[in-house]
Amino acid sequence: MEVTCLLLLALIPVHCRGQGVYAPAQAQIVHAGQACVVKEDNISERVYTIREGDTLVLQCLVTGHPRPQVRWTKTAGSASDKFQETSVFNETLRIERIARTQGGRYYCKAENGVGVPAIKSIRVDVQYLDEPVLTVHQTVSDVRGNFYQEKTVFLRCTVNSNPPARFIWKRGSDTLSHSQDNGVDIYEPLYTQGETKVLKLKNLRPQDYASYTCQVSVRNVCGIPDKAITFRLTNTTAPPALKLSVNETLVVNPGENVTVQCLLTGGDPLPQLQWSHGPGPLPLGALAQGGILSIPSVQALDSGYYNCTATNNVGNPAKKTVNLLVRSMKNATFQITPDVIKESENIQLGQDLKLSCHVDAVPQEKVTYQWFKNGKPARMSKRLLVTRNDPELPAVTSSLELIDLHFSDYGTYLCVASFPGAPVPDLSVEVNISSETVPPTISVPKGRAIVTVREGSPAELQCEVRGKPRPPVLWSRVDKEAALLPSGLPVEETPDGKLRLERVSRDMSGTYRCQTARYNGFNVRPREAQVQLNVQFPPEVEPSSQDVRQALGRPVLLRCSLLRGSPQRIASAVWRFKGQLLPPPPAAAPVAGEASDHSELRLDAVTRDSSGSYECSVSNDVGSAVCLFQVSAKAYSPEFYFDTPNPTRSHKLSKNYSYVLQWTQREPDAVDPVLNYRLSVRQLNQHSAMVKAIPVRRVEKGQLLEYMLTDLRVPHSYEVRLTPYTTYGAGDMASRIIHYTEPINSPSLSDNTCHFEDEKICGYTQDLTDNFDWTRQNALTQNPKRSPNTGPPTDVSGTPEGYYMFIETSRPRELGDRARLVSPLYNASAKFYCVSFFYHMYGKHIGSLNLLVRSRNKGALDTHAWSLSGNKGNVWQQAHVPINPSGPFQIIFEGVRGSGYLGDIAIDDVTLKKGECPRKQIDPNKVVVMPGSGVPHQPRPQLWGPVAIFLLALQR
């Protein structure tokens, strides 16, 4: 059951902070996550360094009113596919396991419709170090006799890294350099990919036969360790050598089992063998084991080049290639070519005629052709010639030429293609030559020149071909913008002249070309025709949805416009209100010769009864589309102001805080004036809400309104809902979550106690030069297996939700290990300051807790201001430490591990204020003994304080 209460006195009345707070977006990029930032400062707008594989977290901190929307984009270097295709709309950009290709410049664009967008960028530098590769080479002039005996040898070490790697060469365990050994030379070659260092061994000596190590280092940047590779040079070191068990060109029949062996004939160290196929991977079922490649039941698709490569990092890799050809034939075609010299396109007696036959075969040159006339082999004569490889035709094409065509030459000619002695079926094609053999013509059937169909339906485009023989029809698009057919091909062949399209879409509209092919028919100029395809589709309208606001009693004009459609006209428009049909509105006088492209509805006055949903259904005889209008006089939602400086006010004597809530009213003049706001405040994970009605005077656009929420519990977050009310009634509600944040500003006389309740821990940071870190936790997040008899069970307030900072002294911590927590940098504006804090030092192995002051006026100088050692009991105690910094300063809490694991030290509620400290170092009223020790701890504070008066309780 949810309870809603009306709260009166716990909220401070609203007042104005001026007008015109609308401001353009401003942005700043900060980074977090597992970064190894080279620069000392915590925030950098320029270069952000991170190790490959770590998590990149970039946050775009924005100001401006209304709250800006943030969009991340990237340039310079390739990103992941997902990041390239879609921008990231979020204030925080997070990339898990970042790769080197994701380095580059990232842009944060913040815009809120006021002024120009704010654009900030940061360059992300991804650090990495690959495994080095070591290869051994010898100059070409030295390759005679024994390969590596009394010769000059080059050891080349290459690595990819960022930043550039440093190379160290070693012989055995001894580091090599120019100055120590005249027999070696170390240099960096030009025009190499990656970073390379070469170790040159001049005229090998006996001591040069040894183990060589190339060690690469990026100087431990981002914690990347050094890497190394070792090679042993001997007098038998040699590059790989290969030979094949078959010829370099291997022709086989389909269905045969193919085995190719790649044999090593040299190489030390023993080379590694690898098979590859081009193009594409090895066929399915192929087995490459060592140097043997087996392909069972080979098929035509398995043809290609197969490469055997041997590598041992000595010299160049050895490579042998087998061109595997699997016999096959397909696509038998013919051509009829009239007398070319006389530029004839018809078959005429007394003129020459050429018949051509071609098949696509592997291997192409092994195909044989045989011609038959009327079932008998064609005999060669002076007037009948058979030629091969006609330069005007595709390669390996057989042509039968008839010189001075006679009537007796009419008949049926058959061309048969075959592989002699191979189990590959023959392919044949038949050509009939007679007085009826005529070239083709093409045309569009009557009434089919324009085809109109609805989107989503099938369509058929048709061209008729006459002639003998009738060739195939080739279809293509005339539109330059859409060069490809719906199938994705530029040209599509149809044997019957019909192009069939399934589920046409509007982008298929346009002109299509049909033309005769120059094969399987006459080899003459193609004949062509055109067909127009019109795809009709339902209308598209604007607005698809619109929120219309107007004050009570004022008129409203609703307009639904046709954006596009086929046909591009409105056949009918129907208006409805809350689903009920309305009388047709009076039509506007149409422009002569033009169809209407919109429909309008006028409301004389907005009232409570006329407020609601209006619908305009527009049709163009193909389909319909709907414009939706939501008409009302209710107020727009408030716009929360997120740029309030220091909205949180903490209370030193209790774990309570107050929050300054600010907002503006969106478009207040669009409707009746706002009379009051209904404010609802609910603690997250709770059901009860505190409710208050807040009266206001006339609200202007851009006017900043403010309310103070008090007695909020540290560190809880709250949901705030704010609803404007006018004479019409409730307007649109806005909600936001407010979080407790602790101050990180320079010290002042108030509001500077750090309870560590926020993850930002008041701007404190972990020192990078210590041994381990302080940990933030509370009673709910502490490890249930933690060491007993040490450390606090709760924070100073005794509440399980309260956070504190502590050092964990269990393994792997050792005696004397130090953890340092460093405050933000403060500008000294007073002579004396007092640092007050609670500490908890309980356990028989407690080490020391030190407070240091780091002065920043001339470099960084740390001085001890306070120190305490040993077990002080299971109790929170308060210390007041006076300091007098001479310039900008930081305070440092240093925890030192004692002799054992029962030595956890904790701190809480750190306060820095101007002036001298109290005379008593320990305030008895501030001592908090943990439960079970006999002294009660501080009571929990009330949620809203004793001033809250509840007048109404509503049960839901």
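Just so you know, the numbers here start at 1 and follow the chain as drawn.
The backbone N, Cα and C atoms fix where each Cβ goes, glycine too.
Taken from TrEMBL, the feature compositional bias 'Polar residues' covers 780-789. Within the compositional bias 'Polar residues' (780-789), the DSSP-based counts of helix, strand and coil residues read 0 helix, 0 strand, 10 coil.
The domain 'Ig-like' annotation in TrEMBL covers 24-123 (among others).
Among the features that TrEMBL reports, domain 'Ig-like' is placed at 132-230 (among others). The average per-residue pLDDT of the prediction over the domain 'Ig-like' (132-230) is 85, rounded to a whole number.
Broken down by DSSP into helix, strand and coil, the domain 'Ig-like' (240-323) contains 3 helix, 49 strand, 32 coil. Here TrEMBL flags 240-323 (among others) as domain 'Ig-like'.
Residues or ranges marked as domain 'Ig-like' in TrEMBL: 338-432 (among others).
Residues or ranges marked as domain 'Ig-like' by TrEMBL: 440-532 (among others).
The annotation domain 'Ig-like' is assigned in TrEMBL to 539-632 (among others).
Residues or ranges marked as domain 'Fibronectin type-III' in TrEMBL: 644-744.
As annotated by TrEMBL, domain 'MAM' applies to 752-919.
The region 'Disordered' feature in TrEMBL is assigned to 780-799.
Summarising the annotation, TrEMBL assigns signal peptide to 1-18.
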Q: Six or more residues out from either end of the compositional bias 'Polar residues' (780-789), which same-chain residues have a Cβ under 8 Å from its Cβ atoms?
A: 800-801, 808, 810, 842-844, 901-902, 904
Q: Using DSSP, tally how many residues of the domain 'Ig-like' (132-230) sit in helix, strand and coil.
A: 9 helix, 45 strand, 45 coil
